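Notes for the one structure printed next.
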Amino acid sequence: MGTVLSLMGGLGFFLYGMKMMSDGLQKAAGSKMRNILELFTKNHFIGLLVGIFFTAIIQSSNATTVMVVSFVNSGLMRLSQAAGVIMGANIGTTVTGQLIAFNLSDAAPAFVMIGVIMVMFCSNKTISKFGDVVLGFGVLFMGMSTMSGALAVAKDMPQVVDIMGSLHNPFLAIGVGFLVTAVLQSNSATVGIIMLLAADGLMDFQICFYVMMGSNMGCTMSAILASMNGKKDAKRAAMIHLLFNICGTVVFTTLFIFALEPISNWIMGISGGDISRAVANANTLMKVAQVIVMFPFIKWIVKATYLIIPGEDKASQEFQLEYIGKTVFSPTTAVLQATRELESMGELAINNLARAMNTLVTLDEEEIQEVYHVEKEIDFRNQAITNYLVNINQTTLPIDDAKSIGGLFHVVNDIERIGDHAENVVEAAVQKRDHDLSFSKEALTDLSGMLDMVIKITTYSIEMFSKNSQTHLQEILDLENHIDQMERDLQQKHIQRLTNGECSPEAGMVFSDIVSGLERVADHATNIAFSILEEEPEEDKRIVVPAS
């Protein structure tokens with residue numbers, strides 16, 4: 001009983017340490033790695049290299065594949081791009097096995113102590129998160145040491161010997177590898193356990209190959225589960241991962257049936273007789289070989305997913321978000337998805353404002369109703385994005401992303417207020433039509449000129465926000481000052497027209513309200529631009545815009 005408890009406790013330490021390492025790396029470097037993943041996946045080969053590099057850094061192929069599924073579900077990555085990254089992730093995850101093979105159990109307490117010091121006594125959040133990585137590394141090897149001690153006792157038990165002896169059937173070994181990895185949700189954890197079993201003589205080295213192939217298929221379950229309620233392309237991305245590993249397993253099982261002995265002897269030879277290193281090398285070489293064999297067929301694998309999962313998604317409700325899925329969630333991509341959603345919402349709002357301004361001239365009923373319809377969609381997006389931000393704010397995010405959440409709440413509010421101003425303008429158009437009011441040609445020209453300035457500042461602000469770049473900052477500040485002056489000038493000209501009897505008081509009130517509303521839209525646009533500045537969380541940096 002004590003041996004079983006030691007084994008379970010060691011496994012718990014091992015899994016928790018691995019999770020700490022992966023989570024710490026994602027929090028410390030996740031946002032930067034995400035940008036690399038987004039930018040450098042233009043073709044299959046580059047995607048493959050990015051998948052290797054990304055997964056080697058964050059130490060989790062599951063995290064990479066779930067992130068890719070999330071990207072595809074959000075429309076941020078095409079299936080053809082995803083395929084290369086997924087294949088690369090299979091190679092990148094073998095780095096963990098190579099690290100485990102060093103067997104640093106004796107140094108584990110030192111890693112734990114260093115990690116604790118970094119977490120508890122370093123005020124810098126990035127250093128603190130890397131402290132999680134160091135601490136996790138130490139906990140992982142302490143777990144390995146505990147399991148190794150328990151297995152040293154267990155290997156002399158007849159029951160254990162009988163159970164392990166039953167794995168000499170290759171297909172049973174593949175099934176065990178699949179089930180263990182599907183339950184643990186970690187291919188690297190399974191490889192670590194295989195190393196211990198092989199090192200203690202409980203698992204024949206040749207059987208390790210089959211268990212690792214089963215483990216390759218088992219690790220696809222994370223992406224499949226993540227895609228279950230996502231869009232069809234998200235399901236197809238998960239299916240690419242599954243098909244890739246199934247095909248690889250079929251090819252290499254066939255090869256091993258005829259040539260496993262010389263292959264295993266060669267790998268043991270290049271590993272210097274170290275069984276743990278041999279398992280790690282076998283895992284790496286199998287996955288590299290699998291990619292070499294399957295990479296030329298990547299287009300066919302993508303096409304096969306369309307046969308397995310045919311058709312397109314059907315809209316289930318009147319309004320839907322474009323980039324935020326209901327169930328496919330990855331902390332590393334959450335803020336990026338929200339940013340893309342806000343960019344889309346901002347474009348929708350400014351286009352609706354231009355449409356509303358046009359109704360002042362056309363007084364077209366169909367166009368007026370379209371403005372009201374789009375305003376409903378903006379309200380829907382406002383509520384849905386706000387709820388999403390509240391939810392992700394309660395999760396553990398990469399450091400840079402966590403800092404930006406407060407600004408995103410401000411941005412969604414500013415965009416919603418721009419949408420409200422479009423509704424105010426169309427209500428003015430209805431009033432103008434129903435009361436047979438008219439604007440002078442000069443007034444319409446003035447409004448058109450001011451609208452052009454407002455559209456320009458809003459476009460610059462949304463671009464600055466979405467790209468997290470200060471490229472247009474000075475232009476935005478200049479436009480804001482220009483629009484403020486324009487509002488004062490137009491109000492003065494309007495008073496002069498009233499004095500000269502060139503327009504009615506009622507039409508004059510409508511004109512004045514529209515000019516004030518456009519100036520407030522510019523204020524909201526400036527706030528959107530300010531949201532990316534590090535100083536922005538101080539409330540006095542924002543322009544306070546009166547409610548209309």
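Heads up, the Cβ atoms here are built off N, Cα and C, so glycines get one too.
What you see is a predicted model, and the numbers here were worked out from it, not measured in a lab.
Among the ranges 44-70, 206-232, the one that TrEMBL lists as transmembrane segment is 44-70.
With DSSP classes pooled into helix, strand and coil, the tally for the domain 'PhoU' (342-428) is 79 helix, 0 strand, 8 coil. Beyond the transmembrane segment (130-151), the same-chain residues lying 6 or more positions past its ends with a Cβ under 8 Å from any Cβ of the stretch are 3-4, 6-7, 9-25, 27-28, 100, 103-105, 107-119, 122, 192-193, 196-197, 199-200, 202.
Secondary structure of the domain 'PhoU' (448-529), assigned with DSSP and counted as helix (H, G, I), strand (E, B) and coil, comes to 72 helix, 0 strand, 10 coil.
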